[in-house]
Each structure stands twice: as structure tokens, then as C-alpha cells.
Amino acid sequence: MIQVLLVTICLAVFPYQGSSIILESGNVNDYEVVYPRKVTSLPKGAVQQKYEDAMQYELKVNGEPVVLHLEKNKGLFSKDYSETHYSPDGRKITTKPPVKDHCYYHGHIQNDADSTASISACNGLKGHFKLQGEMYLIEPLKLPDSEAHAVFKYENVEKEDEAPKMCGVTETNWESDEPIKEASQSNLTPEQQSYLNAPKYVKFFLVADHIMYLKYGRNLTTLRTRIFDTVNVVYLILLRINIHVLLVGMEIWSHKDKIIVQSVPAVTLKLFATWREADLLKHKSHGCAHLLTGINFNGPTAGLAYLGAICNPMYSAGIVQDHNKIHHLVAIAMAHELGHNLGINHDKDTCTCRAKACVMAGTISCDASYLFSDCSRQEHREFLIKNMPQCILKKPLKTDVVSPPVCGNYFVEVGEDCDCGSPATCRDSCCNPTNCKLRQGAQCAEGLCCDQCRFKGAGTECRPASSECDMADLCTGRSAECTDRFQRNGQPCQNNNGYCYNGTCPSMTDQCIALFGPNAAVSQDACFQFNREGNHYGYCRKEQNTKIACEPENVKCGRLYCIDSSPANKNPCNIVYLPNDEEKGMVLAGTKCADGRACNSNGQCVGVNGAYKSTTGFSQI
């Protein structure tokens, strides 16, 4: 029986506040000294982990008692996490270190709804927590045979450089052919709505340059700790816009740099992105990579990234300067640049986020919060709707979680029926919090077909139809799950403008609207004849990077041609063509190309049955 391990730490406050001390975070004035005393109560037969999965800390801040709740960040590392560094003679060394029992936590202050915390417990307690709107830092005091820690406000750290740091992004460093246009809920196609509702995961890779290696004393352990501390905060920030950041790997250029890292940010970013595409992507699958550098960029720039380039093999990249001793300020810069990768530009003066400064403010200040502004959230949503980047949809499996299952962490994991938290916090009458199994007599604890611990009756509607290709989903009476059903693939839809495929109706009209806005339409047939040329944009498919011209019967399965009804555009044959993402703007597989025919994945207009039985994964139902 797995039980929650609750650890209580009592912190006794030293009877005086220090006036000045030099810590890892810098020269600190006005700090409190605390002594953690760990009290552990393990259930009988439980195995002691090196780092517990759930902990509490009791301490006084400004003389007032607070309780800090912490849970291990189980999403920090991917299952295939790896590290690469180089020997003194330049030999590449790649390892897969054990990261299951890691020491990085997130949490909050009890009775403070807006509080956050990011703490490492590797060697004492190091990190920060937000209390009543103010940021506090905690780190061990380096005293012999002492467990003393310092707690202090960020404002009490002496600043080495008073000049504010800024992001180098102006408008866009990767020129997209078209601006992001606002999309209302009613204008969304079924595909866009489904994409928007799906959970998002960024498989993140981090590279540290040679200056970083030298800066941290040529000590790989010290440098990797710095990186883990930073990414743990990045995870916490991006979670605010429902993006999970999983660290899939890191590379430390311990021998020499793989590119010429220089003080001109735009040049360094371009060189890093080129190296990433040519080298890194061939050895490690990931969705986005950043370079963390110890070089000082020209001017106040702290980072730079390509805007809206997530998942792009060339441009899904960013660079960040390790500009401050306090890792959470570096993490804010990194999260900011990752926000650019995810389609978010800088906040304007009218943008708000219930804090003095939001994540996407152009200037990184000591008041920076972990909140995204209303503008950022809207811009990110519009980017997702318009571009639907696919690499962030790949959700890790339950078996990919690197930490062992823990009853009481609110995640239903392998071997558990339910998980409602600890016995003290559980409010679920269906779930036994001591073993994460259903209570006696209960059939279920959650699910669209679960009501008061019992399965809903067979035939009960659990999800209405979302489109004409969808069907109302019904409970079976034997499960809490609401199984997704949809109309037969190949059934005509949208007034015979398309054929159903797995609950959606892919049509050229919807694809034009997604590319050019709500008033767009499909071009005349004559425009599609350009696909017979087999040039850089007009083709049906590629074979070994050679573009194959469309046969006459297949011209509507190549590049999509649309009418953009905006007053300034008189061109009857508009396309979207991006040299770095050539598949964008092609007619999607499954789209109707003639009566009774649909495009397959090879750019051929074939019979409906053949299209849905081709290698695209379509299946006739």
C-alpha cells in the first residue's frame, strides 16, 4: 500500500536579522537566519526516498508564521533525458543519468492563493517563494557544521548592474509571410477547436556554451545544478498558459564552442539555429532548443528568439544570457524567449496581468512576475489556432514519468484507481486517499460517465456532437469513460464540399479561412494549374527533396490557392509558401478534390475509399 510521505520541517528563527552577507545570490542586506529541523514520519514498511515526494516547511517570515507546501516536479524530465559533454581532447560523451529521485520542487504558501514557490532541496533549501505579492529567496549559509539558512527579499540584494535587461526581439526575427489575425470562437473549424483543447508539451533542449563551463569553475555538477534550478522555474512559468516544459536533454560545450558565440545576439542566434538543425536534431528529438551563454551581449539585451517558430526545424530556437546570479531572473528571461517561440510578442502599455510587470514585458525588472498578460494569452491562442504546431501535441505516456507513482499527489498514475490528495486534504467520497483505490461499493471516482461513485446508465449522453461529422457520445453503463464516436469516414459533409474523417470535415474552404481569415474562399480551378509546374511552390509531393509536379487529375492535392477578400488584395490566386516550412499551405490529406474523391498523403486525388485506406492512417468505418 502506497502512502503519502508528509515531511514537516520546523524552522527556528535566529534571534537577530543580519545586516549584510555575501551569498550565492550576491551581497545581501537585511536577512533572517533560520535553522531547518526535519521531522519525518514514515508509514510502517515504507521505503525512505532520498528526496521525498511531498514536504511541508513551517517558518517565520517577518516574524509571522507561514507554511510552505512543496511537491516534487514530476514533469521536469522526460524519460529519455540525456546529457552530453566533451572530454579535454574533444571526445563526445553522452550519458543518461538517473533523474527519478531528483530534488526539484514546486509549491505554494498555505492560505495565499497567489503564492508560488520553486525550491531545490539538493543541498539544503535553495530557491524562492512568493508571499503576499513579494518575492523571498532562501539559500543555505555556508557555515561549517551548521544547517543555517538565509531568508531575504530580492530587493535586499545589491545590484551589480543597475541597467535594466531587455529582450532583443523587435517585431519578428523570423519573417512569417502573414500576420496573426484574430479568430473568434464561432469561426473555429472543428480541427482548430480540437487542437486548442488538447494539452501541450514542449520537449525542451538546453545547450550551455564554453563560457558557461568556465564561469562555473569547469564543474559539470555545478553547471547542471544551475540549469536544473533555472528550468524548474521555466516549467512553473509556462504552466500558466497550459504549456508543460519537459527537459529532454542538455549539452555542455566543455571542450570548445560548436559555433562562434559572439556579443551580437542576432548573429549568435542565427549560428545556433543553423547548428541545431544540422547537428543537434539528428542526434536528439526535441521541439525547441535554447543556448544559455555566459557572454555579455551588446547593450542591454538578455535574450533573443525567433517569433512563432516552435516546431520549425530551423527556427525553433532561442538564446539567453546568464545575466544574473539569481537563477529565477535568468529563468524569467528564458521563459520570455520561449514565449516568443510560442507566438507571443512583447506586451504593449495597455496589457495587464495583475502585477507590476508581466512575463512578456520588453524589459526584465526586479518586479517581474510569473503572469502572462491578457494580450499574451490572446496572442498565444491566435497563434495556436492559426498554425497548430504539431510537435507540442505529443503527450508523454504515464510510463514516461520518471518519478515512481505516488499516492496523494493528485495525479492518477499506473496502479491507481484515483488520487484525491492526502488524507487531510481529500474531499472525494469515492476515493480512499490512503491507497488511491476506490472505496468499497464505488465503481468510479471521476469521468464523464461517473455520477456519485457509480457508472451512469447505458445510453446517457455524455458529450454532444460538435459537428455534422461527429456523433453524440453515450455512456455504456460499464465504464466511467465517455468514448468518442463519429460519423462514418467518407460520408459527405458541408453541403457535399467535403467528406468526414474521424469526426471532422476537412475542406479547402476551411483551410483557406484558417490561412487568410474568415472571408477567404477557394480560388478558381485555373489557379491550381500552377501545381503542374513542379517549381519551388507548385507541386504535389516531394521525393528525396525533389518536388514532383502534379498530374492533371491531381492538381487540387498540391498547393492550396485561395481568394483573399481584403480590399488591398486583388490577386485571385493567393498561396502560403514558407521556404522553411514548405508543407504549410499544402492541401491537407483527406480533403475533397472531386466528387467521390479525396487527397491521399502522396498528393493524389483518389476514390474516397482508397484515400481512407491509404498509408495516411485513414480507415473506412
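Cβ atoms are placed via backbone N, Cα and C, with glycine included.
What Swiss-Prot records for GLU337 is active site. A 10 Å cutoff on Cβ-Cβ distances gives GLU337 (active site) a total of 27 other Cβ atoms nearby, all chains included.
Same-chain residues at least 6 positions away in sequence with a Cβ under 8 Å from that of HIS336 (Zn(2+) binding site) are, in sequence order, CYS167, GLY303, VAL359, MET360, ILE364. Marked as Zn(2+) binding site by Swiss-Prot on the basis of similarity to another entry: HIS336, HIS340, HIS346.
ASP419 (Ca(2+) 1 binding site) has a Cβ environment of 22 other Cβ atoms inside 10 Å. Annotation comment: Swiss-Prot describes VAL406, ASN409, PHE411, GLU413, GLU416, ASP419 as Ca(2+) 1 binding site, evidence class similarity to another entry.
Here the Cβ of ASP484 (Ca(2+) 2 binding site) has 11 other Cβ atoms within 10 Å, regardless of which shown protein chain they belong to. According to DSSP, ASP484 (Ca(2+) 2 binding site) is assigned to coil rather than to any helix or strand. Summarising the annotation, Swiss-Prot assigns Ca(2+) 2 binding site to ASP470, MET471, ASP473, ASP484, ARG485 and lists similarity to another entry as the type of evidence.
Among the features that Swiss-Prot reports, domain 'Peptidase M12B' is placed at 200-396.
According to Swiss-Prot, the feature domain 'Disintegrin' maps to 404-489, an assignment based on sequence analysis.
According to Swiss-Prot, the feature N-linked glycosylation site maps to ASN219 (among others). Reduced to three states, the DSSP call for ASN219 (N-linked glycosylation site) is coil.
Non-local contacts of ASN502 (N-linked glycosylation site) by the CB criterion (under 8 A, 6+ apart in sequence, same chain) comprise PHE486, ASN489. Taken from Swiss-Prot, the feature N-linked glycosylation site applies to ASN502 (among others), supported by sequence analysis.
Taken from Swiss-Prot, the feature pyrrolidone carboxylic acid covers GLN192, and the record attributes it to a curator's inference. In the three-state DSSP reading, GLN192 (pyrrolidone carboxylic acid) counts as helix.
Under the heading signal peptide, Swiss-Prot lists 1-20.
For the domain 'Disintegrin' (404-489), residue counts in helix, strand and coil come to 0 helix, 15 strand, 71 coil, using DSSP. Within the group of binding-site residues (VAL406, MET471), the Cβ with the highest number of other Cβ atoms inside 10 Å belongs to VAL406. On the 0 to 100 pLDDT scale, the model's mean across the domain 'Peptidase M12B' (200-396) is 91. Put simply, of the recorded positions GLN192, GLU337, HIS346, VAL406, ASP419, the one whose Cα is nearest the Cα of ASP473 (Ca(2+) 2 binding site) is GLN192. DSSP assigns GLU337 (active site) to a helix.
Once Cβ contacts within 10 Å are tallied over all protein chains shown, the binding-site residues HIS346, ARG485 are led by HIS346.
Around GLU416 (Ca(2+) 1 binding site), the same-chain residues at least 6 positions away in sequence with a Cβ under 8 Å from its Cβ are PRO405, CYS407, CYS436, LYS437. The distance from the Cα of ASP470 (Ca(2+) 2 binding site) to the Cα of GLU337 (active site) comes to 39 Å.
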